[in-house]
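Scroll down for the structure; my scribbles are underneath it.
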């Protein structure tokens, strides 16, 4: 990863029923239906609402099964596709909701990539309109906010696992480089999280002076910074180490401590502090 460290002067056919009742021989008008026929007709009628095709009722029962299992056994009992299907609610003509969920997961490659997708990423996808896009984006934002609340409850230095989870959800699967700052108070509790720089796959301009200025404006006593590697490899580069030194020294001039710098991938993180590099 290369940095530009910038100084102050640079700125669902719901499946259609295909079965057809076999034509019964015509009975004389005086014929009385047998008790077996009456029982069969009663059971068939009770099996579905009046006017509903048999396949529609079956599809409805199929959608209900994951919901019932979730309520009875918890969300861990469901597959990724089943959980996505519950969010989507219904399918398309020719494709039930579970087929749509599988299609989405295949399109994005993983559940994490699906949930980290931006609204524009869903444009043109059959069956995913504005309402479903909003639901998928909102779910991830709720998770981020919940983790941020957790980070505010106690000092982040006492809960490194919470920091890892938060950062991976925040930037771990971004397709481009993002530099993020976690501004902390004197007790090392989270005050605010801000994305302070965005780059390409291999290069990003970072402004240490602007980060210091923002820390002073928020009355922060300490900082944790992080950036992602879209490749997934979290080993820091020489440029990563140089940036960390420059930022640490700039913050020290105004008595603000740089606690850690994380390099973040989709499934792993690297901590400068744990490596003894800060």
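From the backbone N, Cα and C atoms, a Cβ is placed for every residue, glycine too.
As annotated by Swiss-Prot, region 'Disordered' applies to 1-64.
If you look up Swiss-Prot, you'll see 22-59 marked as compositional bias 'Low complexity'.
Residues or ranges marked as domain 'MPN' in Swiss-Prot (evidence: sequence analysis): 156-278.
The motif 'JAMM motif' annotation in Swiss-Prot covers 227-240 and is backed by sequence analysis. The average pLDDT the prediction assigns to the motif 'JAMM motif' (227-240) is 92.
Positions annotated as Zn(2+) binding site by Swiss-Prot, on the basis of sequence analysis: 227, 229, 240. Secondary structure at residue 227 (Zn(2+) binding site), taken from DSSP and collapsed to helix, strand or coil, is strand.
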| Who are the long-range neighbours of the motif 'JAMM motif' (227-240) in its own chain, taking Cβ under 8 Å and residues 6 or more past its ends? | 1-3, 171-172, 174-180, 197, 201, 204, 261-270, 272, 277
| task | Starting from the Cβ of residue 227 (Zn(2+) binding site), draw a 10 Å sphere and report how many other Cβ atoms land inside it. | result | 26
